[in-house]
Amino acid sequence: MSSTHARAFKPSHFRGRRNHHPLGAVFRYCSAPGSGLYNDRFFLLSIRRRNVTAELFQRDRGLSPSQVYVPRTAEVGPAHRRRTVTRLPDFLKTGIPSPGANADFAKIKADLRGLKLHTVCEEARCPNMGECWGGSGGKSTATATIMLMGDTCTRACRFCSVKTSRRPAALDPHEPEHTAEALARWGLGYVVLTSVDRDDLADGGARHFAETIRKIKQKKPDLLVEALTGDFAGDLDMVRLVAESGLDVFAHNVETTEGLTPYVRDPRATFRQSLQVLKHVKDVKGQGNIITKTSIMLGLGEIEEELWDALRELREAHVDVVTFGQYMQPTKRHLKVERYVTPAEFDVWKQRALDMGFLYCASGPLVRSSYKAGEAFIENVLRKRGNMIQHTVYNAQDVHHHGLIRFSRIITFSRCTGLLHLPGELPDRTTAKMSMFRAKKLDLGCYINIHIIRDHSKRKTYEQFEPQRQALRYMVRNTTLPQRTRMQAALELSQMHCYTRPTQIHNRCILGGKGRGVFRDFKLTRYNFRMEALAGNIPGVRKASW
């Protein structure tokens, strides 16, 4: 062993320090400085008073594919107290993340430190940190899971390595803005937000969580946001508040089967309560408007029948995505690993979940609830949903020969809440300022022929729009009204028009204010079609469809 790769240990080094060193310590050294790769030799130093003995263990070579998954054991400890331990399987070993070897890794770490943000990657000692932070295809793949509301949890689950306390530090009022700023710098397309449980707060931190999501959507409306939340002590009103904040994926982990929940999780968390949270999100947002997600750890002693029951109940709650991962003991103070599940068994459970109707399942030894492989698929699903029926009148003339086109809604609460935070006269924003509220696609509830859309003979004047517009403006600005009422008013106002003056319908053409028959400046809004349909000016559109 070269002196540059390892340090020589002598009995004199531990003279007088006997109480400051463990009885056994494993020293791993790299084959080259900074390589981040483990060598094939491990040294076990058994320290007993002034005597130091070193035993060299050589890894097995030439294992067959079937032997790789067979757990191997090793004898450790002093001679008079030897014990057998199960060695970590090779498929669970990863490289050491190195900030100097990857620019994305170093940039994300520097931004987190500079803005005083925490990540669950570090606090939970995730084995995929080097892969997720470093990325492999540029800025769109490098990501980190931001942990909001501090790094100290009020609960003490027996599998989790996050710090716990009954009275954590107060919330940082600047955290939502700092988080949005960091994510805007990284230029990501998908991000995961999570948080510690804050049972010391009246709302469980739901308002802080929702405010962070709104700030992110204001700075980058196209960014897809996944929120991995707690159960908020079963308060469904707080669940609704987060679900309506503008997120795209709502995740809440059941962690394990119902039978093991009292043994694995904090007593304040129950399997039924978690199911109720996931089900309530679907009740609030609807089946097709949001994706729900959960995660289950394997290797805690669960049996096959319990896993089947858990998956059935998750499907009954309309959960869309499930992930399976191997539980790994963070420290000796946490739950022991009952068994290491092989990759082949993970593949079996993945197929079973897909056969049960789950939209997606990520399953593997190192898969975690926010593993980026699952994010890539979910992002594709959300992008596909967004682009499938994205048509406006200005480009409808290019596709009108296809016949009937279905329009679907895209303006969500996350966009209309931006109206509540914009200063000044809201309807008098310039075109650039109001660009975020342009109607990309709208839900008419029916199919409309493009030729029928263009066949208008009635003109809508500014005076006909003004009373409705003034009423909505008053509701948005009235802070005494409930937040949900103001959001509904802001949604209607944002859909009513997208420019400084309302759209006019004139002489059998839809105008944008720059001349007869010009389509490029007009954005189709649901309000226009609702008014025209109710007035009977659009043939083929029934009132019942509204």
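Positions of Cβ are set from backbone N, Cα and C atoms, glycine also.
Here the structure is a predicted model, which means the values were calculated and not measured.
Summarising the annotation, TrEMBL assigns [4Fe-4S] cluster 1 binding site to Cys121, Cys126, Cys132, Ser370. In the three-state DSSP scheme, Cys121 ([4Fe-4S] cluster 1 binding site) is classed as helix.
Cβ contacts within 10 Å of Cys157 ([4Fe-4S] cluster 2 binding site), excluding its own Cβ and spanning all protein chains shown: 20. Secondary structure at Cys157 ([4Fe-4S] cluster 2 binding site), taken from DSSP and collapsed to helix, strand or coil, is coil. Feature annotation from TrEMBL assigns [4Fe-4S] cluster 2 binding site to Cys153, Cys157, Cys160.
What TrEMBL records for 136-359 is domain 'Radical SAM core'.
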CB contacts for Cys153 ([4Fe-4S] cluster 2 binding site) [other CB atoms within 10 A, all chains]: 23
Proximal residue to Cys153 ([4Fe-4S] cluster 2 binding site) among binding-site residues Cys121, Cys126, Cys132, Ser370 (C-alpha distance): Cys121
Pairwise Cα distance for Cys132 ([4Fe-4S] cluster 1 binding site)/Cys160 ([4Fe-4S] cluster 2 binding site) [Å, integer]: 20
